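Student: Please see the structure below; I have some questions.
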Amino acid sequence: MSCKLHADPVRCLLILLNLDPVVKTLRLGDNNHRSSWHKAMACSKLFLSCLLVQLTLLFLVPEVAHGQGLKVGFYQKACPNAEAIVKGVIHEVMSVAPSLSGPLLRMHFHDCFVRGCEGSVLLNSPTNQSEKNAGPNLSLRGFQTIDRVKTALEKACPGIVSCADILALVARDVVVATGALSYDVETGRRDGNVSILTDALNNLIPPTANITTLKADFAKKGLSVKDLVALSGGHTIGTSHCSSFSDRVYNFTGKGDADPTLDSNYIARLKLRCKPNDQTTLVEMDPGSVRTFDVKYFDLIPKRRGLFTSDSALLDDSETKAYIDLQIKTGGSTFFKDFGESMVNMGRIGVLTGTAGEVRKVCTKVN
């Protein structure tokens with residue numbers, strides 16, 4: 001059956017509602033109008049049939065939406081100890097490798113901004129063409145920690161907790177372990193089965209982004225300007241390779257110059273740490289506070305000591321600048337709460353729920 005209802009769908013609806021002036025004058029005893037009456041009845045039946053088909057399809061379509069299907073405590077019945085298991089593993093990891101806090105937080109960002117929060121950043125490729133093989137992801141660390149959490153969960157509740165949810169829970173637990181306020185994580189994500197290197201290249205925001213690019217790229221993901229500046233505050237923990245900002249220090253305009261928006265003393269310190277073309281050395285994003293989740297990152301920005309162009313760019317917008325000023329003046333009065341809310345917002349990007357995707361048995365490969 002075709003759902004092309006009628007050459008004039010409005011006329012068909014009028015017929016269905018018995019409001020069409022022509023049909024209302026039809027008489028079954030009139031041979032000239034009998035065929036028209038049958039056509040009208042066929043139109044109404046076709047309209048009802050198509051409406052039923054479309055409603056059925058609406059309810060059968062898997063949920064692939066901005067947070068639809070997620071809820072706090074999703075595993076309460078199927079795996080009641082899921083979050084406690086994740087927290088336990090992260091506590092053990094942080095006690096021996098606290099430097100992984102930043103990378104594990106960053107991994108959740110890099111997952112959500114590419115294809116949504118569905119664990120595609122974790123997939124391996126035999127031809128090295130998955131997301132984790134893209135340049136911006138080569139510096140990601142902590143994959144073994146995710147595998148360790150997954151192993152513990154599979155032992156307790158086989159086939160229940162998705163790798164995408166593990167990334168969200170781990171991100172929360174590492175920031176709490178470094179001093180942030182806890183926040184409720186919505187769960188119920190399922191895992192995707194596609195991971196493409198070029199998707200990462202096209203969707204991850206580079207550290208060289210200006211404020212226009214930052215606002216546009218966050219808006220594309222359904223995130224606000226407040227989310228942008230609050231999530232940027234995550235740079236209070238973690239490190240960066242020199243290659244991510246070396247042009248600001250050595251070759252900003254291609255003439256061997258430095259970025260004039262950077263503090264000159266800060267430039268001198270960075271040059272001591274990073275030599276030209278250094279691809280391996282790590283630098284603290286929030287010097288002196290790299291393992292503590294606090295508000296000191298915001299103090300650095302107006303002092304022109306934001307490590308990345310994208311950090312300095314927050315001064316180029318009235319809303320982001322006002323937020324920074326507020327946190328400085330009030331000692332971060334709203335930052336911890338705002339960060340948690342923005343992490344929840346980010347965690348809703350492009351999720352797979354319901355029957356979409358799968359729950360991987362191993363995070364590095366599809367079932």
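Backbone N, Cα and C atoms are what each Cβ position is placed from, and that goes for glycine too.
Found this in TrEMBL, in case it helps:
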- 69-367: domain 'Plant heme peroxidase family profile' (DOMAIN)
- Cys79-Cys157: disulfide bond (DISULFID)
- Arg106: site 'Transition state stabilizer' (SITE)
- His110: active site, proton acceptor (ACT_SITE)
- Asp111, Val114, Gly116, Ser120, Glu131: Ca(2+) 1 binding site (BINDING)
- Cys112-Cys117: disulfide bond (DISULFID)
- Cys163-Cys363: disulfide bond (DISULFID)
- His235: heme b binding site (BINDING)
- Thr236, Asp286, Asp294: Ca(2+) 2 binding site (BINDING)
- Cys242-Cys274: disulfide bond (DISULFID)
Student: Counting other Cβ atoms within 10 Å of each residue's Cβ, which of the disulfide-bonded residues Cys79, Cys112, Cys117, Cys163, Cys274 comes out lowest?
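Tutor: Among the disulfide-bonded residues Cys79, Cys112, Cys117, Cys163, Cys274, the lowest count of other Cβ atoms within 10 Å belongs to Cys79.
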Student: Using the CB centroid of Thr236, Asp286, Asp294 as the Ca(2+) 2 site centre, which other residues of the same chain sit with their CB within 8 A?
Tutor: Gly233, His235, Ile237, Ser289, Val290, Thr292, Phe293, Val295, Lys296, Tyr297
Student: Given a 10 Å Cβ-Cβ cut-off, pick out the one of the recorded positions Arg106, His110, His235 that has the most other Cβ atoms nearby.
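Tutor: When each Cβ's neighbours within 10 Å are tallied, His235 tops the list.
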Student: I need the CA-to-CA distance for Cys274 (disulfide bond) versus Asp286 (Ca(2+) 2 binding site), whole Å please.
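Tutor: Per the Cα atoms, Cys274 (disulfide bond) and Asp286 (Ca(2+) 2 binding site) stand 16 Å apart.
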Student: To the nearest whole angstrom, what is the C-alpha distance linking Ser120 (Ca(2+) 1 binding site) and Cys112 (disulfide bond)?
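Tutor: Here the two Cα atoms are 9 Å apart.
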Student: Suppose you look only at the domain 'Plant heme peroxidase family profile' (69-367); what would the mean pLDDT be?
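Tutor: Overall, the domain 'Plant heme peroxidase family profile' (69-367) comes to a mean pLDDT of 97.
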Student: Give the sequence-ordered list of residues that share a chain with Glu131 (Ca(2+) 1 binding site), lie 6 or more positions from it, and have CB atoms under 8 Å from its CB.
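Tutor: Listed in sequence order, they are His110, Val114, Arg115, Ser120, Val121, Leu123, Asn137, Ser195, Ile196, Leu197, Asp199, Ala200.
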Student: Return the residue, from the listed binding-site residues Asp111, Asp286, Asp294, with the maximum count of other C-beta atoms within 10 angstroms of its C-beta.
Tutor: Asp111
Student: Take the Cβ of Ser120 (Ca(2+) 1 binding site) and count every other Cβ within 10 Å, whichever protein chain it belongs to.
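Tutor: Counting Cβ neighbours of Ser120 (Ca(2+) 1 binding site) within 10 Å gives 26.
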Student: Since the record lists Val114, Cys157, Cys242, Cys363 as recorded positions, which of them has the fewest other Cβ atoms within 10 Å of its Cβ?
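Tutor: Checked Val114, Cys157, Cys242, Cys363; of these recorded positions, fewest Cβ neighbours within 10 Å: Cys157.
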